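*Asks:* One structure coming up, written as structure tokens, with questions to follow.
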Amino acid sequence: MHLVYIAIFGALGCLSRFMVSGWVYALIGRALPYGTLAVNVIGSLLLGLLMEGGLRSAALPADIRMGITTGFMGGFTTFSTFSYETVRLLEDGSMVAAGANILLNVTVSVVFAGLGIFLARQL
């Protein structure tokens, strides 16, 4: 059953990523891959909150927990797109933009995962 829940939640995560990313690009533009940055940062915050705030010890069945963490969060965040977009920036000669993309995705995502854990501990 794990696979069924992971697939269902994964599909929802992918659709959510598509919608959030598109909204961010429409709002801010495409000077940098802001849509990918947004989903990675939001996903890091949510996973920190969820893991520290109750999914580990919640009375949720293991299938649902796997669906949320591996499925939804895995479908929502995207390391492969971040990597691809960074390579494209490098190929285009946009070294500063590529460096900024790496720095922002890694640093801000890690900070927001920590923030999620911190916030969950305050609840």
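Keep in mind that glycine also has a Cβ here, set from the backbone N, Cα and C atoms.
Note that the coordinates shown come from a computational prediction; the quantities given were computed from them, not determined experimentally.
For Gly74, Thr77, the entry in Swiss-Prot reads Na(+) binding site, with the evidence type sequence analysis. Among the features that Swiss-Prot reports, transmembrane segment is placed at 4-24, 31-51, 64-83, 100-120.
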*Asks:* Are there three or more C-beta pairs under 8 angstroms joining the transmembrane segment (4-24) and the transmembrane segment (100-120), sequence spacing 6 or more?
*Replies:* no
*Asks:* Within a 10 Å radius of its Cβ, which of these binding-site residues (Gly74, Thr77) has the fewest neighbouring Cβ atoms?
*Replies:* Gly74
*Asks:* For the transmembrane segment (31-51), find every same-chain residue at least 6 residues outside the stretch whose CB is under 8 Å from a CB in it, and list them.
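*Replies:* Here the qualifying positions are 17, 20-25, 68-69, 73, 76-79, 81-82, 85, 89, 97, 100-101, 104-105, 108-110, 112-120.
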*Asks:* Could you say whether, by DSSP, Thr77 (Na(+) binding site) belongs to a helix, a strand or a coil region?
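*Replies:* DSSP assigns Thr77 (Na(+) binding site) to coil.
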